[in-house]
């Protein structure tokens, strides 16, 4: 049982296995951007048409996460997770036999639904399989899978796609996902008892958690923070090239620094969040605001900007575990739906942030405009996070008063 594991025990292999699944998902999502020219040429469509596939995937994640969480509530979580892996792998392997754009669109939507399902159910199982008192660290490890995808998966995927074509990269993701599914089958434990409750009652129970205003404020904190992070990150390379004057040949090294900073942030932030999630979240957001301001102030100093990019990665990824753990705590009676809606919140932020930055650039406000917008979003996030904590504390005090009264 999870409650019997010591907080000082090693993180079980099950959590690492679930992280491998996120690595596969992240590799697919991020390497897709690098393969767009190949894919567009192969399917005989424009780059912009191929780019719509990225947006469709994000929309599929936003809508699909809560939808699939509700649809699969009565199915054992481990079985749902294995099914998500199977569908995700099949959607990637199928590109070997398809050479038309509409079919690829359909496959990306199917893959997005499987990805959304994996994120939501995988988060719940990571918490179940983690030692007691290490919820945030386990959730941070899942986010670390995305970081590893950027640092390791994307370079390997694009390296495979170079000589062998984009379909080979997709097939490699499918193969990695199959390996992950086999490991999940063996290593991941699903402690949830058999559920004989009608689906309608389950949905009602899970939905009840969202009557708490603090849950919605926590979700808003997630969305706003990610909007700020991706408003800055999406346009970071043009800033490095056009403002900092860093040679194009050195850009991969600077992005590697971001990835290494992200890994550091995930590891440190996850551990700290289990001890004090409130302080970790507010401290991480404050550091993030300072670092984004630093990106603006030292933008014309190449070395300083490269160091700031490393710090940006660390600060941006230090809050992931705390964001997830906060929602799990506030909606403890609805872990599956809460995790799913939080996945949607992450993806809403990931979508709106770049859109805001792009809108500012299209108005001719210069390369620093997305960074200033990101700073504003992060500061707003701090305000919403404080509001969320106040709302949660007020609800806790009211509940105690009712019990003692």
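Note: Cβ is positioned from N, Cα and C throughout, glycine not excepted.
TrEMBL assigns the feature transmembrane segment to one of the listed ranges (80-98, 194-212), namely 80-98. Sequence-distant contacts of the transmembrane segment (367-388) (same chain, six or more residues past either end, CB-CB distance under 8 Å): 214, 217-218, 220-221, 224-225, 227-229, 231-232, 234-235, 238-239, 242-243, 281-282, 285-286, 288-289, 292-293, 295-296, 299, 326, 353, 356-357, 360-361. Proximity of the transmembrane segment (52-73) to the transmembrane segment (104-127) is established through 3 or more Cβ-Cβ distances under 8 Å for residue pairs spaced 6 or more apart.
Segment contact holds for the transmembrane segment (166-188) and the transmembrane segment (80-98), given three or more CB pairs below 8 angstroms at sequence separation of 6 or more. Note on the transmembrane segment (214-237): residues 251, 255, 258, 281, 285, 288, 292, 295, 309, 312, 316, 319, 323, 326-327, 330-331, 338, 341-342, 345-346, 348-350, 352-354, 356-358, 361, 367, 370-371, 373-378, 380-381, 384-385, 387-388, 391-392, 395 of its chain, located 6 or more positions outside it, place their CB under 8 angstroms from a CB of the stretch.
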